[in-house]
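Trainee: Taken from TrEMBL, the feature domain 'Amidase' covers 96-569. Summarising the annotation, TrEMBL assigns active site, charge relay system to 147, 222. For 196, 222, 243, 244, 245, 246, the entry in TrEMBL reads substrate binding site. Annotation source TrEMBL lists active site, acyl-ester intermediate at 246.
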Ligand SMILES: CCCCCC/C=C\CCCCCCCC(=O)NCCO
């Protein structure tokens, strides 16, 4: 049978028509995509310009008001206790304190790029406080820096993603409201890493933040802007957030004090979290400051009726001064190596110095081994990476992926599963945990999710039993396995996170407090293979990244059982007073 020629001709013309339509469709889609990308780029540039202008305006204002280095220093050199008392007794005005910190913050920002933008309403708030009659709030006139993820009415909350540049938020986060109700003056918003799920501090909107002690290094993250600003002296008290170490890592890397409370001891309502539907390991909001007194003041002020009313899901537990001020000797566990990655000598020395100081104060120090950290941390990553970064990837469509997030993004989003498994196997030959984390499968089924919950609950019970068997009141550990890392390198030594993430998995409160600085001798020991054999791949990388680190801050971590923040803070205060 043969087809007449016209049938071919008709068929061909129908096909041609279809191809034209398909071509048109593809063209429209492509054009839409190009337009979307162009639009996002334009929006990012616009945002960058707005931020630049806002800093320039403030600088001009400070100049007009005659604020200079010397005038600023008189105020920024005061401790939080001195500052609070001078503001309370009227010796200092809120507007003068604000100006002094604005000046210093801009100076630190010039060096580290730690600020997203100044909060322009701060001046009005400070003047209102100065004109106020009647009783003063406990934070009266104290300038407070705020991590970018907390809503402040009239501002963008982005976690470094242009997706969120479409709409300014229309209300303050609960913690911001409590700070303001207590007379605090939120005055700058601080930088974060893209998605906030890394411990760097870089994103395409606001750029990379550097460490105030070494500009080639990262301040850590995700509350890295807070770390750099407070560490550089540009803020005395700030608010951060932590689901894996985001308060404690920048505190450690920038030599400041930070507290990750038990989840929900403070409210996170009104703060951006990409993984808010993730139910097993939740983030905590917490204070960061240049002293333990600052963190204690913040906890005392925040744990009050205003907070309990604004967020009734916060347990109404006020700050327990009796526990904080207790002199009763405690039984404290300590460890320097969790078996995942051996900390560099400076971080080990810091734990020993804190231990000695606590011993001198009459506490009993006992060696402690956190049980099965490997399984715990594997469950932690399985939980926080359960959707393999799908949520972030959806929001990031069209955005440039920041260098700090690239490796993680591509490992989980673009690498075909088969290659990821292969890559994971290869990594396992170098580092078992890292290899396992890379090979972990996405959680598809609800029953797997529930099983994971049960495994975590069982681990918590086992851990608490071990803690009870040892009759412990608290534990101290390295602040992290290394001091500040060169910018963009953290993913290459990501297992250092085991020192902080364990306490998120367990939901124990944990704080980070400065103890020391890296010395020449620490560096000598780092390069002595007898002291630091660096047998694992990540340890070798750590050794490489920790060269030339003399002078970098080193903290230790203090941990207690859930809702015992006051025990953590007591230890932190004792360590702060009795080391260095
Ligand atoms: C412990 C082994 C780590 C292996 C490498 C896995 C890499 C990343 C895992 C997730 C990283 C989570 C970082 C969380 C930072 C943070 O606390 N963000 C606060 C968000 O509110």
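In case you wondered, yes, glycine gets a Cβ from its N, Cα and C as well.
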Trainee: Which recorded positions from the set 147, 196, 246 come near ligand 1, judged by a Cβ under 6 Å from any of its atoms?
Mentor: 196, 246
Trainee: Taking every residue in the domain 'Amidase' (96-569), what is their average pLDDT?
Mentor: 97
Trainee: CB neighbours of residue 244 (substrate binding site) within 10 A?
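Mentor: Excluding its own Cβ, residue 244 (substrate binding site) sees 25 Cβ atoms within 10 Å.
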Trainee: For residue 147 (active site, charge relay system), which DSSP three-state class applies?
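Mentor: The three-state answer is strand.
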Trainee: Return the residues near residue 243 (substrate binding site), defined as same-chain residues 6+ apart in sequence whose C-beta is under 8 angstroms from its C-beta, sorted by sequence, else 'none'.
Mentor: 273, 275, 281, 282, 283, 284, 384, 504
Trainee: List the residues in the vicinity of the substrate site, defined as same-chain residues other than 196, 222, 243, 244, 245, 246 with C-beta within 8 angstroms of the site's C-beta centre.
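Mentor: Residues close to the substrate site, other than 196, 222, 243, 244, 245, 246: 197, 198, 199, 221, 223, 241, 242, 247, 249, 283.
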Trainee: C-alpha of residue 222 (substrate binding site) to C-alpha of residue 147 (active site, charge relay system): distance in Å?
Mentor: 9
Trainee: Between residue 246 (substrate binding site) and residue 147 (active site, charge relay system), find the distance joining the two CA atoms and give it rounded to the nearest Å.
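Mentor: Taking the Cα atoms only, residue 246 (substrate binding site) lies 11 Å from residue 147 (active site, charge relay system).
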Trainee: Of the binding-site residues 196, 244, 245, which one sits closest to residue 147 (active site, charge relay system) when you measure Cα to Cα?
Mentor: 196
Trainee: Cβ-Cβ under 8 Å from residue 196 (substrate binding site), same chain, 6 or more residues apart: which ones?
Mentor: 149, 159, 160, 221, 222, 241, 246, 272, 273, 274
Trainee: List every residue in the same chain as residue 245 (substrate binding site), at least 6 positions away in sequence, whose Cβ is under 8 Å from its Cβ.
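Mentor: Looking at Cβ-Cβ distances below 8 Å from residue 245 (substrate binding site), excluding near sequence neighbours, one finds 199, 220, 480, 497, 499, 500, 501, 504.
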Trainee: Measuring Cα to Cα across 196, 222, 243, 244, 245, 246, which the record gives as the substrate binders, how far apart are the two most distant ones in Å?
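Mentor: Looking at 196, 222, 243, 244, 245, 246 as a set, their Cα atoms extend up to 11 Å apart.
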